[in-house]
Amino acid sequence: MPAPGELTFAVPRGAKKPPRHLADLSPAERREAVAALGEKPFRAKQLSQHYFARFADDPAAWTDIPAAARGRLAEDLLPELMTVVRHASCDDGDTRKTLWKLFDGTLVESVLMRYPDRVTMCISSQAGCGMNCPFCATGQAGLDRNLSTAEIVHQIVAGMRSLRDGEVPGSAGSADAARLSNIVFMGMGEPLANYKRVVGAIRRLTDPEPDGLGLSQRGITVSTVGLVPAMYRFADEGFKCRLAVSLHAPDDELRDTLVPVNTRWKVREVLDAAWHYAEVSGRRISIEYALIRDVNDQAWRADRLGRLLKNHRVHVNLIPLNPTPGSKWTASRPEDERAFVAALEAHGVPVTVRDTRGQEIDGACGQLAAAER
Ligand code: SAH
């Protein structure tokens, strides 16, 4: 029996490990690593300042560190983790998707979305995904490997640097709106199946500068298919992050097919774990529900969902299905979507329909990487 919260999803054998990076390490581990190179421990703080506060991973810019030491420190602690394959923009430049190539050639995606009052970044936690949801492009390709903590963090560091340098001006173009405040783990991968590295990444994102990026936990959303033991373990971390649960069906019969891990943890158990998280964190649970025409969008399913959710600390996010290439499924008819919303509202359950940013740049999970392959 695995310990509670230990997951047994296999990572493909033979996967090489990404190089160790400053962002993989806690502040104490950084001091040890620097000392092991024969450098003064305070260099760890200087490096952290360069990376987390200035996004400067080019050693030429580290003028407070002797030139002779820079190369050694850079090689050991700030190796290149990923390179841009390409960017794709739409929505008047307010949405920019980036396809990254990692050290071993695997591909992952991140998306930056500018809104008038905030910037949200959608990041990947795994290369590929092992959850096999049939409507999701990433699910079709399977799992390549887990991302390291630093590979997760670096997507955000790169996004913040692009914003700072004015590379993503957006339609608004104002500097005020250029601050990254929201991070969603809704790119490739199942974050709770890469538990330790995702938790490490949340610490790096939220530790104050220069130990980390100084972002607010409240602006971070972790989205899960419903890995129940890991949801309880995540509640124990004491974060104030938002938890999103990809439900997609209120009944086990349909959910077994749309979110195959449901054959292991049922709707009831997933929701109980979600309510536990809401209680411990004080945050409303976000329920994700992709509306798929004539599959999960019937009025009776909306009513059943409303009954399951009412009187809980919850908000429903309806996502019009973004069809993956070759899929037999498509988004719901507008009248069915309206009826679905009305049925939830009749139970007093707050609901919004997600705006569909980035459709013309293959915005749905995994589509950019799938096109590249
Ligand atoms: N593995 C995590 C996070 C990644 S996906 C999870 O499943 O929650 C983020 C959200 O996008 C999930 O709710 C997922 O079900 C949804 N999604 C994936 N493909 C989609 C598509 N083609 N159309 C609409 N939503 C999709």
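Quick reminder: no glycine exception, Cβ is built from N, Cα and C everywhere.
Unlike curated entries, TrEMBL annotations are predicted automatically.
Pulled from TrEMBL, these are the features on record:
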type: ACT_SITE; residues: E109; note: active site, proton acceptor
type: DOMAIN; residues: 115-360; note: domain 'Radical SAM core'
type: BINDING; residues: C129, C133, C136; note: [4Fe-4S] cluster binding site
type: BINDING; residues: G189, E190, S223, S246, L247, H248, N322; note: S-adenosyl-L-methionine binding site
type: ACT_SITE; residues: C365; note: active site, S-methylcysteine intermediate
_Cβ neighbours within the same chain of S246 (S-adenosyl-L-methionine binding site) - under 8 Å, at least six residues apart_ = C133, S223, T224, V225, G226, V259, E288, A290
_G189 (S-adenosyl-L-methionine binding site) and C129 ([4Fe-4S] cluster binding site), Cα-Cα, nearest whole angstrom_ = 4
*With the Cβ under 6 Å from ligand 1 as the test, give me the qualifying entries from the recorded positions E109, E190, L247.*
E190
*Fill in the CA-CA distance, G189 (S-adenosyl-L-methionine binding site) to E109 (active site, proton acceptor), as an integer in Å.*
10
_Validating a neighbour-count step here. Other CB atoms within 10 A of the CB of E190 (S-adenosyl-L-methionine binding site): how many?_
28
*Can you name the residues of this chain that are 6 or more positions from H248 (S-adenosyl-L-methionine binding site) yet have a C-beta less than 8 Å from its C-beta?*
C133, R255, L258, V259, E288, Y289, A290, I292, N296
*Give me the non-local Cβ neighbours of L247 (S-adenosyl-L-methionine binding site): same chain, 6+ apart in sequence, Cβ-Cβ under 8 Å, ordered along the sequence.*
G226, R255, V259, V267, V270, I287, E288, Y289, L305
*Lowest local Cβ density among C129, C133, C136, which the record lists as binding-site residues, within 10 Å*: C133
_I need the CA-to-CA distance for E190 (S-adenosyl-L-methionine binding site) versus E109 (active site, proton acceptor), whole Å please._
14
